[in-house]
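The active site, proton acceptor annotation in Swiss-Prot covers Lys138. Marked as NADP(+) binding site by Swiss-Prot on the basis of similarity to another entry: Gly11, Gly12, Thr13, Gly14, Phe15, Ile16, Gly17, Arg36, Lys45, Arg142. If you look up Swiss-Prot, you'll see His272 marked as substrate binding site.
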Amino acid sequence: MDKKSRVLIVGGTGFIGKRIVKASLALGHPTYVLFRPEALSYIDKVQMLISFKQLGAKLLEASLDDHQGLVDVVKQVDVVISAVSGGLVRHHILDQLKLVEAIKEAGNIKRFLPSEFGMDPDVVEDPLEPGNITFIDKRKVRRAIEAATIPYTYVSSNMFAGFFAGSLAQLQDAPRMMPARDKVLIYGDGNVKGVYVDEDDAGIYIVKSIDDPRTLNKTVYIRPPMNILSQKEVVEIWERLSGLSLEKIYVSEDQLLNMKDKSYVEKMARCHLYHFFIKGDLYNFEIGPNATEGTKLYPEVKYTTMDSYMERYL
């Protein structure tokens, strides 16, 4: 059996980071979790780190501002996976440029996976402001990786089900992370196809890609065939499972893009909803020669369908 790569996860206490840590351990990789000194001020993060340690992970403390400390950490592993936050509130994508410099100096990393895990920033054309900052920053990190000739894999895991299926995409202004029981906003005509992925499944696909020569210097799109669904189809799944009949309130493109008097976070959310549910930027393109698809690479992974996923909300 081939020796498993030693994996360092940066941002391992975050929403997707903790799934990557658990997937790495489950798949038998020697797993290292980098945590920043400030994480020790938060009891929930400390308890999560301890739980990783109890599962077999090695904890490493370092600041992204400590270049030599980062280099010393990177030299202990073979693969680096970054899961730093690129969210609407905490946006730290450009912090990864410090990680790129450390990896470049260390010179031993076989694969680097930057924090992506959503829409492919190189595919989305003319992203709306202010939501375009996510794509601009991710592109900067990609170009820095490529300029440094660091071996990479970019993973596009599309829409995390907890955010977009469980909420029925009710994220316009006042996010609701549980499925509605009375009425639901439908963006556009509700028929634009998107791709929904269980977060734990995403962690498995991400980790499986790190030692695979087929994913070297390529983008991996995770497109579970049964989870390529429109917003209306997800709503219909919930109605069928729950026995409810929801009132559908249709939100036009113009209404969605009316940013007047909206906060920065609300504007960011509306931009992403536009790209997902109006333009269809998750699924409106063919996978090219410099990319591949995760469920085809790893058919042994039994992914979670949205029918199954939504049962937890009953």
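Cβ from N, Cα, C; glycine included.
Neighbour counts were taken as the number of other C-beta atoms within 10 angstroms of each residue's C-beta; across the recorded positions Lys45, Lys138, His272, the minimum falls on Lys45. Whole-number maximum of the Cα to Cα distances across the NADP(+)-binding residues Gly11, Gly12, Thr13, Gly14, Phe15, Ile16, Gly17, Arg36, Lys45, Arg142: 28 angstrom. Taking all protein chains in view, 25 other C-beta atoms sit within 10 angstroms of the C-beta of Gly11 (NADP(+) binding site). Within the same chain, residues at least six positions away from Phe15 (NADP(+) binding site) with a Cβ under 8 Å of its Cβ are Phe160, Glu199. For Thr13 (NADP(+) binding site), applying a Cβ distance below 8 Å and a minimum sequence separation of six or more within one chain yields Val33, Phe35, Ala39, Lys45, Met48, Leu49. When the recorded positions Gly11, Gly17, Lys138 are ranked by how far their Cα is from the Cα of His272 (substrate binding site), Lys138 comes first. The Cβ of Gly17 (NADP(+) binding site) lies under 8 Å from the Cβ of Ile9, Val10, Gly11, Ala83, each of which sits 6+ residues away along the same chain.
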